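Asker: Take this structure first; my questions come after.
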Amino acid sequence: MESSSSSAPESQQQQQQQQPQLTVIITLPPINNPSKGKTITILEQQSQQSENQQQSPPPIPEPEHRFNSFTRFFLTSSTRVLGLLGLSLLGLLLFNAYYSSVTTLYELKTPEDNDKNDDSNREFHSFVFPLFHKYTSSDRDVEFKLGKFVDRKAVMSMAMIDGVQQHKKISTSSLVESSTIFPVKGNVYPHGLYYTVMHVGNPGNTYYLDMDTGSDLTWMQCDAPCKRCAKGPNPLYKPAKGSILAPNDMLCAQVQSNHDRGSCESCQQCSYEIEYADLSSSTGVLARDNLHLTLANGTLVTPNFVLGCAYDQQGQLSVSPARTDGILGLSRASISLPSQLASQGVIKNVVGHCIASSAESDGYMFLGDEPVPRRGMTWVPMLNIPSIDLFHTEIVKLSYGGRQLTLDESGNNGGKVVFDSGSSYTYFPNKAYSDLLASLEDAFHEELVQDVSDPTLPLCWRAKYPIRSLEDVKALFKPLTFQFGSKWWIISSKMKIPPEGYLIISNKGNVCLGILDGSEVLDKSMILLGDISLRGQLIVYDNVNHKIGWVQSDCVNQQSSKSFSLPQQ
């Protein structure tokens with residue numbers, strides 16, 4: 001029993017000695033290199049080993065778990081090192097391939113998807129483009145105008161004014177696009193013109209200028225001294241010292257585009273000479289001065305502009321007393337007043353006038369687009385011919401009553417219409433003029449008889465009864481119809497001129513035809529509408545959109561009547 005009892009504990013002890021003892025060793029990474037990670041090592045130890053064996057150092061097995069241990073990695077065999085190195089390279093290649101595919105997928109996403117993913121990571125780019133001022137020097141020959149610059153070499157000045165022009169630049173940051181309105185005075189007969197008032201100079205004086213959409217240059221009779229100047233309603237314009245334009249100015253190039261400017265290298269001023277259809281002319285030098293304007297919004301501005309200092313007038317322009325101090329050039333040319341103001345940002349390049357047909361009102365003119373009606377206007381395209389700065393458009397048909405008048409002797413029966421507020425009367429081509437006279441003679445019978453003793457106009461008639469006004473005889477006449485755009489009435493634009501738009505009553509009590517033969521002053525098939533036919537309508541010249549418009553009006557504008565008070569002459 002003792003033996004058996006002693007053998008059981010002995011067997012249990014042997015089993016316990018056979019079970020291995022586990023030792024876990026945790027090695028922390030170096031403090032100066034934490035990226036190496038930590039190492040876990042598990043050791044087994046048999047209790048039955050001899051005392052000598054226990055004293056010998058036990059073998060160190062490979063660790064079963066590693067966490068990025070580069071120390072243990074370099075203690076392995078070279079084969080394992082090479083294998084792990086190959087696996088690392090393969091993993092790196094797979095990672096790059098995966099990352100590239102992810103990047104490609106991201107780049108192919110729409111901007112909306114990218115915005116949804118991350119708005120904060122977007123970059124906004126700005127692109128700055130340089131802008132350059134473009135100036136094109138004109139090499140045009142003499143332009144066909146009612147008022148045109150003379151084709152000659154540099155006009156030598158009689159009166160040299162000391163000083164060379166210094167360009168006066170104004171700041172346009174405070175200027176706003178607006179409009180300015182001027183009152184208009186005058187009549188077709190007997191004065192034959194309409195004029196407005198301008199305030200020029202610093203501090204400035206008031207001058208009356210003939211409103212002329214057929215002229216480029218604004219000029220005033222000038223004390224330079226003046227060789228031949230008519231006595232006007234105001235003192236002669238006297239430019240300030242140093243305000244005379246230099247020959248190398250860009251606007252001088254516009255005026256002298258047909259001159260041999262190199263022939264006057266010593267000139268210190270820009271000269272001009274203009275001839276008009278009535279054979280009158282004006283000669284002078286260009287100056288730059290201030291123009292005082294009250295805009296429609298109440299703003300007071302004083303932009304500078306280039307004008308003519310005219311010291312030698314010929315023909316009708318030299319006759320005293322004169323009702324005006326000069327000409328207000330309103331054409332499409334760069335030197336015209338509207339173009340200069342538009343280039344400075346003061347107004348939009350829109351010009352308009354409304355000449356009243358009744359004796360109770362005179363009318364007004366404006367610079368800028370604010371007074372233009374938004375509805376009711378009839379518009380036709382403006383011809384944009386570089387060599388001609390007139391306001392003109394194409395006409396396809398002209399009729400007196402129900403009878404068509406011939407415009408072109410070649411049979412094309414097309415032509416051009418010029419709107420010219422600087423001409424008193426209307427001019428027809430020779431063939432159209434002859435057809436009109438034939439139509440009038442057929443309609444009169446014996447009620448009107450030509451009076452050749454009346455010198456008012458080429459054709460005047462007297463009636464069997466006293467003529468007190470046009471109301472007494474206009475029933476004998478029919479309206480003129482101008483048809484634009486198309487020969488089909490449905491899609492064409494028409495302007496009707498009533499009898500009071502081409503007739504006047506002379507001082508002798510006769511009715512006279514205010515339409516003249518223009519074959520000596522105009523091109524063939526060209527019609528010129530003067531003041532007599534422009535009355536009773538608001539006429540607009542839109543240089544921005546290149547169109548001409550009109551609408552019937554009584555030509556009463558409250559703002560123009562408050563701006564200035566022009567005395568009757």
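Just so you know, glycine gets a Cβ as well, placed from its N, Cα and C.
All annotation found in TrEMBL is predicted automatically rather than curated by experts.
The following feature annotations were taken from TrEMBL:
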ACT_SITE  ASP212  active site
ACT_SITE  ASP420  active site
COMPBIAS  1-21  compositional bias 'Low complexity'
COMPBIAS  45-55  compositional bias 'Low complexity'
DOMAIN    194-551  domain 'Peptidase A1'
REGION    1-39  region 'Disordered'
REGION    45-64  region 'Disordered'
TRANSMEM  81-99  transmembrane segment
Asker: Cα-Cα, whole number of Å: ASP420 (active site) versus ASP212 (active site)?
Answerer: 7
Asker: Near ASP420 (active site), how many other Cβ atoms are within 10 Å of its Cβ?
Answerer: 26
Asker: Report, as a single number, how many Cβ atoms besides its own are within 10 Å of the Cβ of ASP212 (active site).
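Answerer: Counting Cβ neighbours of ASP212 (active site) within 10 Å gives 26.
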